Amino acid sequence: MDDLKKKTIISTLSLFFQSGYSAFLGLVANLVLTILLSPAIFGIYIATLSIISIFNYFSDIGMAASLIQKKEIDRNDERTVFTVQQLLIITLVIIGFTLTKSIQNFYRLPSQGILLYHALLIGFFLSSLKTLPSIILERKIQFQKIVLVQIIENTCFYLTVIILAILGWGLNSFSLAVIIRSIIGVITIYIISPWKPGVAFSFPSFKKLVSFGLPFQTTSLLALVKDDLITLYLGKVLGFQFLGYIGWAKK
């Protein structure tokens, strides 16, 4: 009980620290980037990020959340979640690349915008590889380790964007930063929480996990509409420059 209490306190304090650090880092970085980059560049980044967020919503049918709350899990549970999630992710990434031309025409994205969109799709896939190691840490109530990964990721991301923006990379600053953040995040989480990926499928396990997870996943539908779909609508109606101003205001 004392060990559980200690883990809970450390995890809670870590989450508070991460929230404060991320807010401070984001504020400072965005103040610098407002000087270096145009509102339109921010607008393109925000719009493409919202597209990926929609893909992300459909990449999870709540199995990860179900695995976290399950009292006992075995290797079959872990591999079933990993296999199903990767099938969904790979399918969505293929759809994402297939829709490139349609998205480019709809939003009139420049070539650098398409490069960013593709970088985010790759980052989307790489981030999915962190799911199982993160679940294991959550089940052990070791949120401080997850926080450490997030801090390293965010720091690398913003430092890369700022340095490349200073060098005149423009929108491509975000593209490379996204890839670097994703790669570093995957490497770091597997060092901190080693987990050997494996492909397997257990229908009883799948059925039990989905029965809890799917209703849980539907609760985030409102947030998807409120945040990402409205953002995409504003990007189309108002244009990227105005969307960039809105993004700055939110920051």
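Numbering starts at 1 and runs along the chain as displayed.
Placed from the backbone N, Cα and C atoms, the Cβ positions cover glycine too.
Taken from TrEMBL as is:
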- 12-33: transmembrane segment (TRANSMEM)
- 39-59: transmembrane segment (TRANSMEM)
- 80-100: transmembrane segment (TRANSMEM)
- 106-126: transmembrane segment (TRANSMEM)
- 147-168: transmembrane segment (TRANSMEM)
- 230-248: transmembrane segment (TRANSMEM)
Any contact between the transmembrane segment (230-248) and the transmembrane segment (39-59), i.e. 3 or more CB pairs below 8 Å with pairs at least 6 residues apart? yes
Outside the transmembrane segment (147-168), at least 6 residues beyond either end, the same-chain residues with a Cβ under 8 Å of its Cβ set are 14-15, 17-18, 21-22, 25-26, 29, 32-33, 36-37, 130, 174, 176-178, 180-181, 184-185, 188-189, 192
Relative to the transmembrane segment (80-100), which of 12-33, 39-59, 106-126 accounts for the most Cβ pairs at distances under 8 Å? 106-126
